[in-house]
There are 2 protein chains.
Amino acid sequence: MAKATIVWTKIDEAPALATYSLLPIMRAFTKDADVDIELRDISLAGRILAQFPDILPEDKRVPDELAYLGELVWKPEANIMKLPNISASLPQLKEAIKELQEQGYPLPDYPEDPKTEEEKKIKERYDRCVGSVVNPVLRQGNSDRRLAQSVKEYAKKHPHKLRDVAPNSKSHVAYMKEGDFYQNEKSVIIKKDTKIKYVFEDKNGNQQVLKEVEVGQGDVVDGTFMDRKALREYFKEVIDVAKREDILFSVHVKATMMKVSDPVIFGDAIKVYYNDLFEKHGETLEKLGWEPRFGMQDLENRIESLPEEEKEAIKKTIQEIYKKQPRLYMVDSDNGITNLHMPNDVIIDASVPAVIKNGLKGWGPSGEVDDVVLSIPDRSYATMYKEIVEDIKTNGQFDPTKIGTVQNVGLMAMKAEEYGSHDKTFFPPADGKMKVIDEEGNVLIEHCVNEGDIWRSCITKDIAIRDWIKLAINRAKETGYPIVFWLDEYRAHDRNLIEIVKEELPKYDLSDVEWYIKAPEDAMKYTLARFRKGENTISVTGNVLRDYLTDLFPIIEVGTSARSLSIVPLIAGGGLFETGAGGSAPKHVEQFLKEGHLRWDSLGEFLAFVESLKHAYKQLKTLHNKDDKRILILAETLDKAVGKYLDNDKTPKRKVGELDTRGSHFYLALYWAEELANQTEDKELAEKFAKVYADLKENEQKILDEIKAVEGKPAETGGWYHPDDEKTEKLMRPSQTFNQIIDSLLK
Amino acid sequence: MAKATIVWTKIDEAPALATYSLLPIMRAFTKDADVDIELRDISLAGRILAQFPDILPEDKRVPDELAYLGELVWKPEANIMKLPNISASLPQLKEAIKELQEQGYPLPDYPEDPKTEEEKKIKERYDRCVGSVVNPVLRQGNSDRRLAQSVKEYAKKHPHKLRDVAPNSKSHVAYMKEGDFYQNEKSVIIKKDTKIKYVFEDKNGNQQVLKEVEVGQGDVVDGTFMDRKALREYFKEVIDVAKREDILFSVHVKATMMKVSDPVIFGDAIKVYYNDLFEKHGETLEKLGWEPRFGMQDLENRIESLPEEEKEAIKKTIQEIYKKQPRLYMVDSDNGITNLHMPNDVIIDASVPAVIKNGLKGWGPSGEVDDVVLSIPDRSYATMYKEIVEDIKTNGQFDPTKIGTVQNVGLMAMKAEEYGSHDKTFFPPADGKMKVIDEEGNVLIEHCVNEGDIWRSCITKDIAIRDWIKLAINRAKETGYPIVFWLDEYRAHDRNLIEIVKEELPKYDLSDVEWYIKAPEDAMKYTLARFRKGENTISVTGNVLRDYLTDLFPIIEVGTSARSLSIVPLIAGGGLFETGAGGSAPKHVEQFLKEGHLRWDSLGEFLAFVESLKHAYKQLKTLHNKDDKRILILAETLDKAVGKYLDNDKTPKRKVGELDTRGSHFYLALYWAEELANQTEDKELAEKFAKVYADLKENEQKILDEIKAVEGKPAETGGWYHPDDEKTEKLMRPSQTFNQIIDSLLK
């Protein structure tokens, strides 16, 4: 009998703990539908163990499930619930190895400094587990992000606070007038498969190959650069304006993602703002090995090593600078952490919405709230932020009870640079030329650059672009909302994308699709006009705007982007359902281990599972020609149950003794059973779950008491990275009453 | 007994003819109030005669009334009704001299080629009468432009047609990304009175003084340049976009006002669009002495002199270009007149509103209506046009029955360059530097420029700026509308103006004033949001935006800018009330002379007179401490009468036998009398005019018949430039019945 299979990923930390409680519920409720749920281990520990089938004894070997999923995502039957996992740092990796060794897994130590061939190979295997290794394997599709109906409705009923904006607010977005990535961009569509090389050519014609990359026909290759002189002049102008207007100065970049270019841009802001520091103490700074891109915090650390007098001189200069320059936007004014302390502290996609939420205000050095200039140097992305900021100044703060929703279809598949271009970001070592040359020697892109300019290239794959257009059209058809391609005819990269969009569109039936192509600022204007009228719009964007908008609008609409659905419709037809942003919450694990109270909110899992079920329904239909309406009913009733869950505020609370993750799962089950009992499409299901609902309802207090009974004492899971299944399941399913009701469904 | 005196200017052509009929009415109605109306002759003929007191016999001498008014405008009691006059060309001057000679004035001939000292002096005197000589003398103030209540209400009741805009319109404004005047601008506020010189310095340091100018403390001096290479690249990009999008290409400049720079910008569009022409026929074009800034029409004229074969080759190339390049926006598609035919044909302040009225469409080469890209190169002014165009695409066409009004306070006094900077516009003869250097050798402004770049400087006078700020505040207080200074913190000139605004504002009581400073695009956004809600806003702008906005908004609001009030509150406290734009209508005079029908609409005079009366009331109060409410009542009732005049459509009609200027004046008098009779504030006036109204009403048909009786035959005024007063008065006051009623009031 053909069934759909949903893969539930086993991952790390808090969501992994929650899974012990939640997964049985999901399996129990879906038992009668043609859908199976498989657990596949892609936790850090699981990935480590999978590296050593040759070393581990047979009973301790585990399959390489990430590799399995890496193949699955390229099959149409893929349907994966992707929960948050650890992107391991080296210390985390070493901790995990140690824990596994202590559990009796004969793993080798991590060879910090491998000498032998064997050690090198071991290090290589371990290194495969470090950093963000899961997403690049699984995200074989573009991005479909939106708010679930239940979440949106909850926010309309329980609106979060958005501060009013003073009509004469002096806050504004400032971008460069010239010399930015936007202006200098060149872009080509590759005519036939080739290998391109990135070349720097000095004034004497000497060439240096910086990198070689294979590209395919139809791929879009861009090159552009940031003129550093223009950048610093821009910062000077903005700082002058901030000073004259007596408002806060701030810089908003994304140094976490654009990890090569953006710290340098950030550093140039430091260079200009703290100019006197460089003039007076240039030699000392050099001696310290400090570079502006490290941020002021790093400088503060480094000067500790200086003789008292030198240190004090530097501190004094900094204090004098603060008197002279405009006040800085603060990350943490209590602790004196400024915008310029750490390149990663102010992350544009979070920081700009925060300023918007706060009525276009930032925090100043004395903890005061004040107007602020938001420096966002590059016009590629700054203009749309300017548009929304000016819109708010003109039309007032948004009203979450009235606004529509803005969904996003993002070009993300196959890396989809603009993001991820850090391996193709170069700093010309001298004045000269940057060139992109193909195998046949054709110069595809050429720029005259100056030493130190930031030159970068992005490659966007043909297949990814076409899939993205298809996804946009599908979303338009599913929703009836207009789709807007945020593409600027006057930007080289976008111009090529527009060409492809126009080539693709006629391949579809567009009779029921309202579509537009608009430059980001115009797209924002159009979208906001609808948004304020309560109308819904789909933004269809590149990878950077995807990232920015999927924070911006959810934060305005429901107060957070964590409650947003994140779906990756896989290119091959499958679906990847990501649950929640914001990591795997180690602090929650600490609390659980210490006092037996877990406060992980599984809302993301609930919402994603609704979509996963809907997708399973479609898969059964298209792949097996099977129309199992029960799956749809399960999805729809779960969606309603989530609405009730939110309305009745059954999310886990912070303190021991209050409702925790396990109790929240009970309520989800209660409401889901209630909804299933109340639906009228499938009588059998209704009857079955009427009984379940009655049992749950009757035992509500008893179940909650049984859960509460295990709180207030340490929880022994038998491992942080690799908990003991039996122990942990017992801890996470403490209510026998609840377990009996659930387990009876599984028989 | 203290009285206010209104000067009614005697001018030329149609409005001068109308004055014979209108002035007696104005005098009659205002007879009982403490206001006199004086006629002062500043017509071309009058100005000519005033030049020769030494030559003319005593009985033919006339006083120099323009000189008189030139002094009067600097006195607080000035109150001048300025009607449209001739800015004489040389042929017009010579015609006028001839006419005066024939009338018996012993004037010398115009010495084309003066030899003797005496001839030179005569030519000098005559030359003082050529060109725009009245405005520079009289406009000693900034500009207050707005729609009279009656005109605005008429438009709301009888809305003009604004075409709908398709939501997917591809029309858009395109401006430069870099290298424009906006980006390169530098600006200084002069610290103490000095003489500045404009210097070009070549690569070897050789300096050439291009001009010297006296400037005073507080004056704002700017310098900036247009990078011609960047300009041409920009045109190339826009042309490519127009082609790819298959929309019309257009360029919008103001070659009439920016007479040195803008034809060159226009010429660069020609260079890029017709590039093949220059490549194939460069030598021929040079031989013809043709330059692109002359326009394609001029080229068409010049090639007529070529041998047939060469001529045909050029024509063929042009036709091939049209096949290859995007279609051009047409000025007159019937006659093949393109946007690029004449630099003066497409005048931005008229052409952009025309496109807006037309639903963001232009006319193409085959007479088709299509989307159009509006190239407006310089970001100083283009961004606000972009904002309104995108606003219309997003929010739909404006509805004249619902929109508010946008008034303007424009910085115009004492030349107030940005405009009028053509005497300080230079084309560097080679690569080098442009410098502005003061008497003490300080380099105030310096730019590295390339040969052929357009470098220009503007001077704005301190006193003019401060008066402009005062006027803005006064207007805010009078209306209660918010005032928005359209100034951009990121533009050098504006930054200095902002500094002065911030210095001035605290000198006033602002408790009842809502004020903002916003960059043009943001100011437009703010203004349009109010505009669409039916709210009113005052734009406070520099001279260029004054010119653009006082066309743009009136055209949207009431279909034409000709019906807009144009007031110059004089710096010294007086008022100059300009009546109507669009010249002195020689065609109307021709019709009158031929068939005795005059169709000059005195609406502008009516509206301006309302304001002039209000001003007279204030002057009496402030200068003589006299509170003559009758003047106010006269103003208010006239305003209402004008409303009725519009509502009942009593404007003059085109054809002989229909209502003409004289009949329209009758109706104005009728309605004014009616309103005076109906007002209750002044019984005496009411009683008096109740009788007048009854008389007029009773004789309505008789009066119209008496007027019609003189139509259909030539009217002999005794002169075009210098009509005979007696003859003309008789022609313009043909109804004895009407005359008796009016004249009885004057007794």
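Cβ from N, Cα, C; glycine included.
Look at TrEMBL and you will find A:LYS82, A:LEU83, A:PRO84, A:ASN85, A:ILE86, A:SER87, A:ASN135, A:GLY583, A:SER584, A:HIS588, A:ARG599, A:TRP600, A:ASP601, A:ARG654 tagged as NADP(+) binding site. Marked as substrate binding site by TrEMBL: A:SER132, A:VAL133, A:VAL134, A:ASN135, A:PRO136, A:VAL137, A:LEU138, A:ARG139. Taken from TrEMBL, the feature D-threo-isocitrate binding site applies to A:ARG145, A:ARG546. Under the heading site 'Critical for catalysis', TrEMBL lists A:LYS254, A:TYR419. As annotated by TrEMBL, Mg(2+) binding site applies to A:ASP349, A:ASP547, A:ASP551.
Within 8 Å of the centroid of the Cβ atoms of A:ASP349, A:ASP547, A:ASP551, where the record puts Mg(2+), the same chain has further Cβ atoms from A:LYS254, A:ILE347, A:ILE348, A:ALA350, A:ARG546, A:TYR548, A:LEU549, A:THR550, A:LEU552, A:SER561.
Among the residues A:LYS82, A:LEU83, A:PRO84, A:ASN85, A:ILE86, A:SER87, A:ASN135, A:GLY583, A:SER584, A:HIS588, A:ARG599, A:TRP600, A:ASP601, A:ARG654 said to bind NADP(+), no two Cα atoms are farther apart than 30 Å. Following the DSSP three-state reduction, the secondary structure of A:ARG145 (D-threo-isocitrate binding site) is strand. Taking the Cβ of A:PRO136 (substrate binding site) as centre and 10 Å as the limit, one finds 13 other Cβ atoms among all the protein chains shown. The most densely surrounded of the binding-site residues A:ARG139, A:ARG546, judged by C-beta neighbours within 10 angstroms, is A:ARG546.
Close to A:LYS82 (NADP(+) binding site) in the fold, though at least 6 residues off in sequence, lie A:THR9, A:VAL134, A:LEU138, A:LEU576, A:PHE577, A:GLU578, A:THR579, each with a CB less than 8 Å from its CB. Taking the C-alpha atom of A:PRO136 (substrate binding site) as reference, the shortest distance to any of the recorded positions A:ASP349, A:TYR419, A:ARG546, A:ARG599 belongs to A:TYR419. Of all Cβ atoms in the protein chains displayed, 18 besides its own lie within 10 Å of the Cβ of A:TYR419 (site 'Critical for catalysis'). By a simple count of nearby Cβ atoms, those within 10 Å, the most crowded of the binding-site residues A:SER132, A:ASN135, A:SER584 is A:SER584.
The DSSP secondary structure for A:LEU138 (substrate binding site) is helix. Separation of the C-alpha atoms of A:ASP547 (Mg(2+) binding site) and A:TYR419 (site 'Critical for catalysis'): 9 Å, rounded to the nearest whole number. For A:ASP349 (Mg(2+) binding site), the Cβ neighbour count at a 10 Å cut-off comes to 22, with all displayed protein chains included.
Other Cβ atoms within 10 Å of the Cβ of A:VAL137 (substrate binding site), summed over all protein chains shown, number 14. Taking a C-beta cut-off of under 8 angstroms and a sequence separation of 6 or more, A:ASP551 (Mg(2+) binding site) has the following same-chain neighbours: A:ASP349, A:ALA350, A:PRO353, A:SER561.
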